[in-house]
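Feature annotations, reproduced from TrEMBL:
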type    : residues       : note
BINDING : Arg42          : NADPH binding site
BINDING : Arg106, Asp299 : FAD binding site
DOMAIN  : 7-339          : domain 'FAD-binding'
Amino acid sequence: MATAGRVTIVGGGLGGLALARILHRHGITTTVYERDGSLSARAAGGTLGLNAESGQRALVEAGLFEQFRSIARDTGETTRLLDRFGVVHFDLAYEGGIGVRPEVDRGDLRRMLVDSLPEGVIRWNVTVLSAQKSSDGRTVLTLSNGTTVVADVLVGADGARSRVRPLLSDAVPVYSGVTFIEAFLSDVDATHPEAAHLVGPGSMYALSNGRGIIAQRNGGGVIRLYFAVKGDREWAHAFGDRTDTAGTRKRLLDLFHDFAPGLRALITESEGPLVPRPINALPVGHRWERTPGVTLLGDAAHLMSPFAGQGANLALLDAADLGAALAEHSDVDVALAAYETVMFPRAHMAGRASADNLVASFDTDAPKQLVDQARTFMQRRTGHSGGPSD
Ligand SMILES: Cc1cc2nc3c(=O)[nH]c(=O)nc-3n(C[C@H](O)[C@H](O)[C@H](O)COP(=O)(O)OP(=O)(O)OC[C@H]3O[C@@H](n4cnc5c(N)ncnc54)[C@H](O)[C@@H]3O)c2cc1C
């Protein structure tokens, strides 16, 4: 019977860090191998809305909820759905009080988790090159620094292209048919006041006929932009050639030629580089047979398109459930089985919702289905629907 003496975590994203923090609170030591050289090694990414029953619950388990409140924005909950003419079909205005879904900049959240861990837990600048089972049932990790380590309990929290996943499953992420071209606007209130007004304090989605402009207000006066285009991977990559920002901007303006001038201005005014981000997903319902001493969490387990807004929330919730299970059960494999029993069905449901939302967002002329869904959701959660008459 293996016990959780030391847990090896591959990946110091939100899920891996939250697990390390929660286990630390339970007196279980961890080592986190993280490919990035430091917190500032790459752009942190955009803003995340954390749900009460998932992301926020995990931060309570991590003992970091109050700290989270101090870096979150309630105004970030505001969500607008527009058509290509710029007509608003859904607008959840800021209602005040503790948010249903407060937003936080991903970089701030990751920093908070890193700062909550003792020195030395995170081994920065170490890429796990491969993970293999040894004859005694443990796992051997080959690291980019030329060494190998043996793990009794291994958690793959290493995202979309997980090196731990092949120990459990043959599944690989598949391109969804949609690519985001990412850009941003800075100092928006002073320099881009019309864009700031159009986007508002939270998120704005303008969707029409296989195309979308998604804008999210971040901290520090930044609006992050995603120009979503449908097309096969090669086309989308050539379309978003990051060495030719002016060319990509011109192609976007052509593609969004029938969008309202205010929406097209987001393309004209966007700051580069315009980075293509193909949206990939693991098969909906991805799962594996129980394998001694190894499991996955977050995107490594259930990568899905961002159209359900749940990936980071689920990574955090996985960490909370796995941490609690490892603390509760002295037999590691009982703990891993208990975690997977709750994780598989909820990941299945979220993966289904995300795949369906992607189709609804890009395969219909108007975002009607999304508006209906959003109204139903808000009616349930807040008692008002966010419609124009509210
Ligand atoms: C455009 C976009 C918008 C999104 N918006 C939202 C949203 O609003 N709400 C939401 O909930 N989710 C959102 N998501 C999804 C969310 O970003 C992910 O689901 C979440 O980051 C998953 O966390 P994770 O810890 O599992 O993986 P990751 O955040 O991918 O972290 C994995 C970590 O592992 C490290 N790593 C990878 N390979 C190795 C290796 N071999 N060795 C060592 N380290 C390694 C990486 O450097 C990284 O730090 C969005 C995603 C995208 C692409």
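In case you wondered, yes, glycine gets a Cβ from its N, Cα and C as well.
Caution: TrEMBL annotation is automatic and unverified by curators.
Here the structure is a predicted model, which means the values were calculated and not measured.
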Among the binding-site residues Arg42, Arg106, whose Cβ has the fewest other Cβ atoms within 10 Å?
Arg42
Near ligand 1 by the Cβ criterion (under 6 Å), the binding-site residues from Arg42, Arg106, Asp299 are Asp299
Count of other CB atoms lying within 10 Å of the CB belonging to Asp299 (FAD binding site)
28
What is the interatomic distance between the Cα atoms of Arg42 (NADPH binding site) and Asp299 (FAD binding site), given in whole Å?
18
Check the DSSP secondary structure of Arg106 (FAD binding site), expressed as helix, strand or coil.
helix
